[in-house]
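As recorded in TrEMBL:
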- 18-57: DNA-binding region (DNA_BIND)
- Gly92, Val93, Gly94, Asn95, Leu96, Gly97: NAD(+) binding site (BINDING)
- 81-182: domain 'CoA-binding' (DOMAIN)
Amino acid sequence: MRTPKHDLPEAVAKRIPIYYRYFKLLETDGIERIKSEQLAKLVAIPSATIRRDFSYIGDLGRSGYGYEVSHLIQIFSAVLKADILTKMAVIGVGNLGRALIENNFRRNDNLQITCAFDTNPALVGQTLNGAPIYAIDQLATVIPAAGITTAISTVPSEASQRSAEQLIDAGITSILNFAPTRLQVPRHINVRYLDLTAELQTLLLFEE
């Protein structure tokens with residue numbers, strides 16, 4: 001599995017988008033500078049952790065002065081490639097896949113679902129929120145032609161491995177997988193998992 005850019009540890013890489021989102025909110029509110037202690041209260045992350053996270057990227061602030069919001073936005077934007085359009089494909093147009101396509105990252109101009117694939121013949125040929133739906137066996141031609149390297153898989157667990165193999169054969173290098181099944185993929189393939197059931201069960205562990 002590929003490591004994040006800048007050789008960021010996994011935990012740090014997961015927090016960078018959070019920092020970026022809050023700096024964008026600060027910019028919207030007209031705030032030009034913020035200290036790590038103030039940022040810590042906003043993002044609910046200890047200030048020492050914030051400073052350590054930022055040190056992986058570079059010298060982003062000055063002691064006693066804080067962080068310039070506009071500068072940090074530029075830095076995180078470059079790290080996250082926020083100024084580059086990332087086109088994505090959705091595999092599986094069931095309830096979850098349909099919801100993702102209909103939302104289509106409307107708050108993020110740099111993320112766009114441009115096509116989808118499904119095994120249901122009744123769906124093939126339709127267009128959902130601007131994204132045409134193709135048959136699974138069209139992956140090998142559509143994905144390379146569209147220049148897509150990122151896919152979101154919402155297929156059931158029993159189909160996730162086969163779908164991943166088809167995606168990789170078509171040129172996909174990054175997969176967001178909603179099935180709990182761990183995929184067997186080459187080391188250069190980047191896979192992230194979103195298991196909603198596991199997340200909910202973890203949440204309920206802390207319920208009093």
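Any Cβ shown, glycine's included, is placed from N, Cα and C.
In sequence order, Val90, Ile91, Ala116, Asp118, Ile152, Thr154 are the residues of the chain that are 6 or more apart from Gly97 (NAD(+) binding site) and have a CB within less than 8 Å of its CB.
Within 8 A of the CB centroid of the NAD(+) site residues Gly92, Val93, Gly94, Asn95, Leu96, Gly97, the other residues of that chain are Val90, Arg98, Ala99, Leu100, Asp118, Thr154, Val155. In this structure, the binding-site residues Val93, Leu96 were compared by how many other Cβ atoms lie within 10 Å of their Cβ, and the smallest count belongs to Leu96. Counting every protein chain shown, the Cβ of Gly92 (NAD(+) binding site) has 25 other Cβ atoms within 10 Å. Mean pLDDT, taken over the domain 'CoA-binding' (81-182), works out to 93 on the 0 to 100 scale.
Minimal Cβ crowding within 10 Å, among the binding-site residues Gly94, Asn95, is found at Asn95.
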